[in-house]
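The block underneath contains the structure these notes are about, expressed in structure tokens.
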Amino acid sequence: MARAVGRSLAGPLLFLNLLMYLIVLGFASWCLNRFINGQTNHPSFGGNGATMYFLIFAILASVLGIISKLLGANHLRAWRNDSLAAAGSSALLAWAVTALAFGLACKEINIGGWRGWRLRVLEGFIIVLGITELLYVLMLHSGLFNSTYGPGYRDNEYGVGAPHGGVPGTGIAEKGTGYTGARV
């Protein structure tokens, strides 16, 4: 039960972030399509000098975030050190790109000008995702500080019961050691 603390907290956060990243991908794709087509005076779009960069980083952050959440779902299913490495590194990368999009959203708000409701919703989602993705990364890496919260990076559970003699790499021990095979 104690090992399920980080797992039970990271699960809902993973699902919430996945939904928000999917929404961001939809809004950012629509806005970028309008921007490329030159329809910036659409009543629900608008924009300023930072809009193009913001939209590109929002799409990149959402794609990386969605992939990160798929790897995170695999880690929640397995809850082992080997899946933690993939989930943790992809979540950290997704958070870094989301933080860049967060900065561009703040810059776009600071520049001002007319921004339609879709851009304002997209800015709000990116700002919230910057915070919740950071919480998700901290949840994944909480096992680093205490093993009761999840798998850590220093857990040694894979080499338990390995033979000290015999043929290397085969799991066959020397005669008389009492070890009959590899532990599965």
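Glycine residues also receive a Cβ, built from the backbone N, Cα and C atoms like all the rest.
Lifted from TrEMBL, the feature list:
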type	residues	note
TRANSMEM	12-30	transmembrane segment
TRANSMEM	50-72	transmembrane segment
TRANSMEM	84-105	transmembrane segment
TRANSMEM	125-145	transmembrane segment
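Tertiary proximity for the transmembrane segment (125-145) is limited to same-chain residues at least six positions away from its ends with a CB under 8 Å from its CB atoms, namely 6, 9-10, 13-14, 16-17, 20-21, 23-24, 27, 54, 58, 61, 65, 72, 75, 84, 87-88, 91-92, 94-95, 98-99, 101-102, 105-106, 151-153. Same-chain neighbours of the transmembrane segment (84-105): 50, 53-54, 57-58, 60-61, 64-65, 67-68, 71-72, 74-75, 122-123, 126-127, 129-130, 133-134, 136-137, 140-141, 143, 150-151, 153, counting only residues six or more beyond its ends whose CB sits under 8 Å from a CB of the stretch.
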